[in-house]
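Notes to accompany the following structure.
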Amino acid sequence: KRSGVNTVEVARAVRSKLESLRKDLPPDVEVSTIMDASEFIEDSLKDLTTTILWGALFVVLIVFFFLRHVGGSFIITLTIPFSIVLGFIFLYFRGFTINHMSLTSLAIAIGMVVDNAVVILENIFRHTEEGHKPESAAIEASYEVGRAVAASTATTVAIFVPLIFIGGVIGIMFKQLAYVVIIVLSASLFTALTLTPMLSSRIFRNVGKNRDSVGRYRRFYEKTEQGFRNFTDRYRSLLEWSLDHKRVVVILAGLIFAFSLLPVFIGLIGTEFFPEMDQGEARGSIVLPVGLSVDETDSLVRKIEKIIEDNVPERTVSLVRMGQSESGFASIMGREGPNIGEFLIELVDKDQRDRSSAEIAESLEELAKDLAGAEEVNFTTEDPLMQLLFGGAGAITIELYGYDIAESDSLAQVLKSGMEKIPGVYGVTVSREKGKPELQVKIDREKAAALGLSVSQIASTIRKNFYGTVSTAYREAGEQHDIFVRLSDSDRESVFDLENIFVTTSLGTRVPISNLAVLEEGVGPVEIERKNRERVVGIQSGLRGRPLGDVANDLRRFLAQVKLPEGYATSVSGSIEQQATAFRNLFVALILGMILVYMVMAAQFESFVDPFVVIFSVPFGIVGVIWFLLLTGKTLNLMSFIGMVMLVGIVVNNSIVLVDYNNLL
C-alpha cells in the first residue's frame, strides 16, 4: 500500500475487489489470501477494545464498592465516556487513526480519569453528611480540594509531555499516546470541577438527613461499613506508630528499596525491546551452496514442505518462494537467489491452538536442521517489516568493519561461531553471501595509464559493447522508443570475445583489451555493503527464549575477548541498539517529566521543600513494579516502561492530594 494509507481500509477494499473478480475467473483458477496484515491489526484492536470495556466496568464496580452510593457511582461513571469522547474528537481533528497506540493510551487513561471526580465527590459527600446544604457543600468541597486536584492532574500531564518530543520511530508511536493521555486527563479535570459538583448538588439532597435510606442497598452498606471502619482504625494505629518511630520507618523503607533493586542488578529481571507477540505466522528459509540451480533447491524445499505438512496441523496456508524475481523487490522482505528458498506459514487464531507461533517455529527448525545438502535452515516468527523499522535484518546484529574482503569474511565466520554459543541466539547468518563464479578482467594499470586510459573508461567500453547503451530515440504514434546499440550476437557469443574489444585513447588510437588486461575465472562477492563510507559485513541472528538484555550482555563480553587485526572494528546494532537508544530517550523523558512535576508542585505548595515529600515517594512505587515483574517472569520493555511512567503520575497524584490537604488542616 502507499505510505500514509490506512492498512485496514486497503485490505477491506482488496478483499471486496477479489470477491467481484472471482466471478469472472475460469472454474479451474482459485485465488487465496496468503497474508493479510490487517487481520492482526483488527484482532489487536478488538482485544484492546475489550480491555477498555472491562477496565471501565471494573472502575465503576470499585467506585460503587467504596462509595456504596448508586447516585455517586453514576456521577463518577459519567466522567468516563465524557473524557473518552473528547479524546476521540482530538484524534479526529489531529488526523490520527484508531490504532494500537491510541487505544493503548485510552486503556492507560481509563483508570485515571475517575481519580479527580472521586476526590471531589468524596469531599462533597463528606460535607453533605456533616449537614451542609447540597449546593453549598458542592461549592465548598470543590474549593477545598480543587487546587490539589488541578495540581495532581498537571503533574500527570507533565510526566507525559516529554514523550511528545522523543524522536525516531519510537517517538512516532509514543507521541500519539502522550497526546491522547494529556487530552483525556485534561477533560477529566474539567468534568470533575464542573459536572461532578453540579450533579452532586442534585443527587445528594437526602444524604445528610438519613444516611440509612439506601433502600435495597442498606444490607450491603451495613456489611461493608464495619469492614471500612476496621480498616480505618488499623490504618490510624499504623500511622500513629509510624509517626512515633520516624527513624525506624525511614531505615526500614530504605532497606526495602535497596533490597528491591537487587533483582535488577543481579539480572533476575531481563530487558527487551518489545514483548514477544504471537502474530499467527511463522517464516523460514533454507540456503544451499552458491551455484546450485533452482531445480536442486526445489528438491530440498519439497522435503521441508512435507515436514510442515506432517507436523503443523495448525496451519491454514503455506507459501514457498524460490529463485530471484526480475525486480528483486522480494528481497526487501527476505533473501532471494536460485539457492535460497523462503517459507511463510499462516496459522489459525491463537485461541484455537495449543502451541504458540514461536514454539511451532522452533519445532520446525529442530526437525529440518539436519537436512542433507542445506547450509542453513532457519524458522522464526519475527516480522521482516518490524526488523526493518527497529534495527536491521535481525534482533541481534554485529557489524564488522574492514577493507579486505577475504579477511573480513574469515573474521565474520569467527564471530558467527562465537554468537552461536550464546544461549538464546539462533539462526546466525552472515549478510555477505559467498562469492559466485565470475570472469574477472584484471587491468594492467601502468599500461592503461601510459595510454591515458582509466579503469572506468575501460569498464565503460566493455559494458557498452556487451550490454549495450542507448544512443538515440525515435517517436512513433506519440510514443518514444530508445535505440539500443551493442555488438552483434556473433561477436559476443563467448566471454573471451572481450579480448577483441577495442578501447579508443584520447589520441584516437584503438587498443585491444587483450593488450591492457588479462581474463581470469574466479570468485567474486555478490555485493559489497558500506556504512559511513566503510566496508561492512553483518552477522545477525534471531532471539528465542531469553531476554534481549541478557543476550546483549553476553555478546558484549564475547566481543571484548575477540582480538581483531589492525584496521578492523565491530559494533552492535539491530534491536540491541534500538533498545539502548529507546531506553535512554525514555529515561531522559522521565527525568524531564520529574523536573516539570517538581516545578508544578513548587508553584502549588509555594515551597521548594514540600515537593520533595512527594518526589521521595516515587521510588517506592517502582519497588512494586520490580517485584511484580520478578514474580510474573515478565521483562522490562517499552510497554512496561510506559506503565512505570503512568505509575509515577499516579503516585504523585495521591501524594499531592494528601500533602495539600494536610497543609489545609
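The backbone N, Cα and C atoms fix where each Cβ goes, glycine too.
Please treat TrEMBL annotations as automatic predictions, because they have not gone through curation.
For reference, TrEMBL has these:
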type: TRANSMEM; residues: 48-67; note: transmembrane segment
type: TRANSMEM; residues: 73-93; note: transmembrane segment
type: TRANSMEM; residues: 105-125; note: transmembrane segment
type: TRANSMEM; residues: 145-170; note: transmembrane segment
type: TRANSMEM; residues: 177-199; note: transmembrane segment
type: TRANSMEM; residues: 248-269; note: transmembrane segment
type: TRANSMEM; residues: 586-605; note: transmembrane segment
type: TRANSMEM; residues: 611-631; note: transmembrane segment
type: TRANSMEM; residues: 638-659; note: transmembrane segment
Highest Cβ pair tally under 8 Å against the transmembrane segment (177-199), stretches 73-93, 248-269, 586-605, 638-659, lands on 73-93
Within the same chain, the residues 6 or more beyond the ends of the transmembrane segment (145-170) and with Cβ under 8 Å of it are 112, 115-116, 119-120, 123, 177-179, 181-182, 185-186, 188-189, 192-193, 389-390, 578, 581-582, 585-586, 588-590, 592-594, 596-597, 599-601, 603-604, 638, 645-646, 648-650, 652-654, 656-657, 660-661
Counting only pairs 6 or more apart in sequence, are there at least 3 Cβ pairs under 8 Å between the transmembrane segment (105-125) and the transmembrane segment (248-269)? no
Beyond a gap of at least 6 residues from its ends, the CB atoms lying under 8 Å from the transmembrane segment (586-605) belong to 147-148, 151, 154-155, 158-163, 165-166, 170, 611, 614-615, 618, 638, 641, 644-645, 648, 652, 656, 659-660, 663
